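To keep things clear, I will list the structure first and then write my remarks on it.
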Amino acid sequence: MIMNRKTPKIDSMIAVALVSSFSEAAHALRTAPPVSPQELVHALHVLQQLASSEGRPVHLPEAQLLLSLSAAVSSLPASARVHLPWAWGQTVQPDGYIPATAQEAILHAFLGEAAASRRPPCPAPRRASQFKLLELEQLGASRVEPTIPLQPSPDAPSSEHDSGTDARLGYRASLANLDPFTAEEILARPCCLFRVPPQFCKGVLRKSLHLVLDLIRSSARAPGDASGPDSVRAWKLWFLLPRMLLHRPSCGVNPPPSPPVAAGDRPAASDEARARRAVHLAHLGELSAARQALTADPLTPATDATFEHLSDPNRRPPEPYGPLDPELLAWAPASPVALDRAALLTTCAGPAKGLHQGRQASLLRQYV
């Protein structure tokens with residue numbers, strides 16, 4: 001339901017517009033032509049990579065979708081094309097839910113990028129005063145006093161002004177707090193900064209830099225304010241912003257343990273680490289290694305007891321489990337075996353081996 005911000009009533013015009021838009025999108029999706037399954041895998045791969053880079057969690061069942069979908073596509077012919085029901089059956093979970101990245105991948109693959117992101121303009125929501133006038137008219141009010149529009153304050157941003165000027169006026173009081181500080185003195189002091197912005201700070205840093213650049217441009221466009229206080233404050237914020245957001249202690253700090261480890265739940269922490277490693281390997285194209293990271297048993301702890309257990313001579317078999325063929329032991333080729341390089345690369349780095357366009361395939365081409 002679409003609710004108005006100032007009144008609990010539903011704006012029927014917006015609701016009807018969105019329902020009509022949803023019906024059109026659903027009809028276009030049902031009647032969409034078949035697409036290449038590789039395109040669906042590529043879209044899911046890119047969307048999961050974007051989700052990880054933006055800090056959105058990709059849970060274990062959602063990460064396994066990329067592996068299962070790639071395995072299903074590898075069993076199809078190279079020229080095969082799939083319809084929506086096939087993609088639906090490959091991505092739907094046992095509870096009937098399709099993860100967000102899989103939904104986006106289906107929309108992009110079957111509708112295209114333009115149609116998947118298209119959103120028709122909705123009518124502007126009615127104000128509370130408009131609802132009040134409508135109620136009075138329905139009740140048969142003979143006279144309604146006209147509402148006087150609020151005049152914008154001279155210090156508040158207004159949509160009729162330039163966007164840069166609005167930003168400058170809106171942050172003028174906050175930027176005035178930088179006046180007691182001298183940029184030359186602060187920049188002369190050594191400061192420990194992160195060389196690469198942490199994942200949790202990238203979005204805030206990007207928005208802050210965009211805002212500072214907007215303030216600098218608006219100050220430069222303002223008549224007679226190229227070297228005024230607003231311009232000085234904007235440039236001062238530009239130079240001091242990295243020290244504000246990327247500062248780290250010089251001695252370093254020990255990161256706190258993850259919540260499962262702090263609560264004593266080691267298996268849960270291990271599962272999270274395995275899921276992150278599987279997503280990273282899948283983004284690199286290492287599907288076999290990603291599948292092994294999800295299905296393999298956890299490693300034994302690297303302790304002296306583990307080393308003694310592995311190097312115990314009593315556990316070593318005294319002789320082979322079965323005798324070798326004497327002809328095999330006595331056979332020696334007349335000349336060294338010559339393998340065709342193209343055939344070897346096709347066999348070892350083909351899509352059936354899960355190494356196509358991956359890091360292992362690149363290493364194989366380098367050393368063969």
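Each Cβ is built from the backbone N, Cα and C atoms, and glycine gets one as well.
Annotations in TrEMBL come from automatic prediction, not curation.
Beyond the compositional bias 'Basic and acidic residues' (306-318), the same-chain residues lying 6 or more positions past its ends with a Cβ under 8 Å from any Cβ of the stretch are 300. Sequence annotations record features per position, and here TrEMBL assigns compositional bias 'Basic and acidic residues' to 306-318.
TrEMBL lists 145-166 (among others) with the feature region 'Disordered'.
What TrEMBL lists as region 'Disordered' is 303-326 (among others).
Residue counts for the region 'Disordered' (303-326) under DSSP (helix as H, G, I; strand as E, B; rest coil) come to 11 helix, 0 strand, 13 coil.
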